[in-house]
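Report on the structure given below.
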Amino acid sequence: MDAQGRHFSVSHFLRQNQNRIFENNRAWVEAKLEEDPTFFERLSAGQEPDYLYIGCSDSRVPANEIMGLEAGEVFVHRNIANLVPNTDLNVMSVIEYAVLHLKVKHIIVCGHYNCGGVQAALSHSDMGLLNPWLRNIRDVYRLNEKELDEIEDAEQKWKRLVELNVLEQCKNVIKTAAVQQSYTKNEFPIVHGWVFDLRDGLLKDLKLDFEEALKDIKKIYDLEVGPH
Amino acid sequence: MASQRGDAFDYALKSNEAWANYKGHQNPAFFEKLATGQSPSILWLGCSDSRVPETTLLGLQPGDVFVHRNIANIISPTDINSNAVIEYAVVHLKVSHIVLCGHTFCGGAGAALGDSRVGGVIDAWITPLRAIRKAHDEELNAIKDSAKRAVRLAELNVEAGVQVLLSNFVVEEAVKDRGLKVHGAVYDIACGKVRDLKCGNSGSLPGSATEEELEIIKGNHGMLVFGGDGAKMAIR
């Protein structure tokens, strides 16, 4: 096949790839309506999700699919390596909205093994714009330096940093005024740390002791009381 | 209350187990293949709203869509969070399409149209939306129905976001070098459908228009024109 022909087939493939999206969207709408003719009508009345999911942007970890939840059931924020940096207005706005306005019952920070962001943080390279973002993961390494240094196997080290990163981001969620104040008043939300394993599709609960973590954090980061 | 909380939580974990079993049963190599890497062709930038689950509503599979979702799908030029996502998706994963998608009944648009303070950090986050509202005050005020006014603001927000994306250096470079497409769309919660706003650099999302329109759009952008009986190549 000549160069022109090859160009055609790649474009043609991409076009079909995109056609799939709108066709699939229509098929999904039809299937939903068949199950429940009022499905979309009910959704337009408002949202009352029980969960806020903070996960990785990675295409292999779609929140609703891995949790088996429907449209309307989980509020979602996804970024590189599921980070919750203190000064990031983007993720902080998401947490505030979910806790104070939607009154979610659970906040899940979900990482995943084979995370490219965590791997990049383990490598020693200048990644330009990504540096300040990945820096947060390197800080997690520093906070757990002794434990991680002792792991010789690179794959195991990578996996452990994925887990420790999730636990640290859970702490960052608990450091917010919204979570602390809502929990005192309503006994929710509860913060959970999960890791998704791409090899079997299963979620692993890291069993963060929320009450204990909250108590520890409040020793320094107590934002319970207003300025007055 | 405690037991209720436990139920919702256990439900999600049990539901995941059922899904993993189902997927593994359907295709035993499914997860093994996922673990080898990702090569999504689409970057989805959307709202955190629970009613707009991108992969579900697009009918796609794990591995297909790289995702960032925030309050009101705002693309701020100096937001490091979304910038890191865009950089990773465009430079490292080399996605072919960026879809910025707003939606109807958006709480963020509603808040930006109101005059009261939301409180905390949210007011700062939605400032770009307020600026758009001010810039289009006359047009928005002329819309009497508040839901329709919010939809219009959502559209204007997507258009502004697409402009920010097209001015992003790595996006601009990828558009030039390898034909990256940026699309703006709005998802209609009341009917479940994605509507193309045709405000990006490709005119239209393929598949969203009729065959005839599709050909013209392709032609407008000096791309391939597809004949009725398939395979013909021509540049307009």
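Here, residue 1 is simply the first one shown, and the rest follow in order.
A Cβ is built for glycine as well, from the same backbone N, Cα and C atoms used for every other residue.
Taken from TrEMBL as is:
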type	residues	note
BINDING	A:CYS56, A:ASP58, A:HIS112, A:CYS115	Zn(2+) binding site
COILED	A:134-164	coiled coil
Cβ within 8 Å of the mean position of the Cβ atoms of A:CYS56, A:ASP58, A:HIS112, A:CYS115: remaining residues of the chain near Zn(2+): A:GLY55, A:SER57, A:ARG60, A:VAL61, A:ALA81, A:ASN82, A:GLY111, A:ASN114, A:GLY116, A:GLY117, A:VAL118, A:VAL162, A:PHE196
Binding-site residues (A:CYS56, A:ASP58, A:HIS112, A:CYS115) in Cβ proximity to chain B, threshold under 8 Å: A:ASP58
Other CB atoms, at most 10 A from the CB of A:CYS56 (Zn(2+) binding site): 26
Cβ contacts of A:ASP58 (Zn(2+) binding site) (under 8 Å, same chain, 6 or more positions away): A:HIS112, A:CYS115, A:GLY116
